[in-house]
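Okay, structure first, notes after.
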Amino acid sequence: VNLRALTSWVGIARLFAVVLSCLAFSLVASTGHFGGPYGTWCMFTWCFCFAVTLLVLLLELLELYPLLPLSWDDFTSAFSMLATLMVFTSSVVFPATFISSPCSSNRCARQAVATTASCLCFLAYAVEVALTRAKPGDISSFLSTVPGLLKVFEAYVACLIFSLLDGYNGEPGLMWCVAVYSICFIITLLIIIFTIGRCLTYIPCPLEKMLVGYNFLALLMYLTATVVWPLYSFRGRSRPDPCGRDCWWNKHLGVTFLTIFNLIAYLVDLVYSTRMVFV
C-alpha cells in the first residue's frame, strides 16, 4: 500500500476532487431537477470525474497502475486537464440553466451549494494540473508538458464546437469550417490516444518535427475558419428577436468565439513545440 498516493499534494487535490464532485451530483440528484441535455451533461461530468479520480486513487494506493498497458503519467495528466475543462464548463452551464432569481426555495439552495462545490472541484483539478505539469526541459511525459495539455484543450474545445454546430448544410464556406474542426479534432485525439498507449515510438519519422508541422498546418486551417465561419454565418442575417437558448444566432456566435480560442491554443502550441524541438 502506497500511502503517499493520499498524503502527497497531488493526492490531497484528488481527494478534494472526489469529495466535491460527489457532493455536487448528490445535491443535484436530490433535487430531481436536472433534465434536458444541459442537466444531463453536468450530471455526467460530475459522476465521470468522481469515478475516474476514485479509480486513479485506488490504483496508486494499491500500486496496481504499473500493470496497465499505458503511460500512467500521460493518462493522469490528460485526465486531470480534461476534468478541469469539463467541471469548469458544468460550473458555468448548470447555474445559468437551472438557477433562477430570486433563489429562495430549498431546491434552489441545494443547487447553489452544488454549484459552489463544482467551482471548488474545478479548482482542485486545476491545482492537480499545476502540480503534475512537467518542469521546463522535462519531456518524459508529453501530455504533462504545455503542448500536451494544449492538445487536450484543443480536442475539448472542438467537442464544444460540434455540440453547437447547426444549419451549415448547403453553405460551402461553413462546410469547409466543419471539415477543419473535424480533421484537427481527429488528428489531435489520435495524438493523445497514441501517447497514452505508448504507440508514438512506432511512427517511422521524426515525431517532434512532425508535431510542429501539424501544429503549423492546424493553425493555418483554423485561421481560415476564424474568418470564413462568421462571414458565412452572419452575412445578410440579423439576430432574431426573440432569440432563445436554442437560437441559431447564439450557437453560431458561440462557434465563432470557440474557433478563436482554438486558434490561440494552436498558436501557443506551435510556439512551445517549436521551442522544445529547435531551441
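Even glycines carry a Cβ here, placed using N, Cα and C.
Computed from a predicted structure; not experimentally measured.
What TrEMBL annotates here:
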DOMAIN    5-137  domain 'MARVEL'
TRANSMEM  6-29  transmembrane segment
TRANSMEM  41-59  transmembrane segment
TRANSMEM  79-100  transmembrane segment
TRANSMEM  112-131  transmembrane segment
DOMAIN    142-278  domain 'MARVEL'
TRANSMEM  173-200  transmembrane segment
TRANSMEM  212-232  transmembrane segment
TRANSMEM  252-272  transmembrane segment
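Contact between the transmembrane segment (112-131) and the transmembrane segment (252-272) is absent: fewer than three CB pairs lie under 8 Å, with pairs separated by 6 or more positions in sequence. When pLDDT is averaged over the domain 'MARVEL' (5-137), the result is 92. Shown for the domain 'MARVEL' (142-278): DSSP residue counts in helix, strand and coil, namely 109 helix, 0 strand, 28 coil. Taking Cβ pairs closer than 8 Å, the transmembrane segment (79-100) reaches residues 17, 21, 28, 33-34, 36, 38-39, 41-42, 45-46, 48-49, 52-53, 56, 108, 111-112, 114-115, 118-119, 121-122, 125-126, 128-129, 132, 143, 149, 152-153, 156, 160, 245 in its own chain, all 6 or more past its ends.
Cβ atoms under 8 Å from those of the transmembrane segment (212-232) belong to residues 147, 154, 171, 173-174, 176-177, 180-181, 183-184, 187-188, 191, 252, 255-256, 259-260, 262-263, 266-267, 269-270, 273-274, 277-278 of the same chain, restricted to positions at least 6 beyond its ends.
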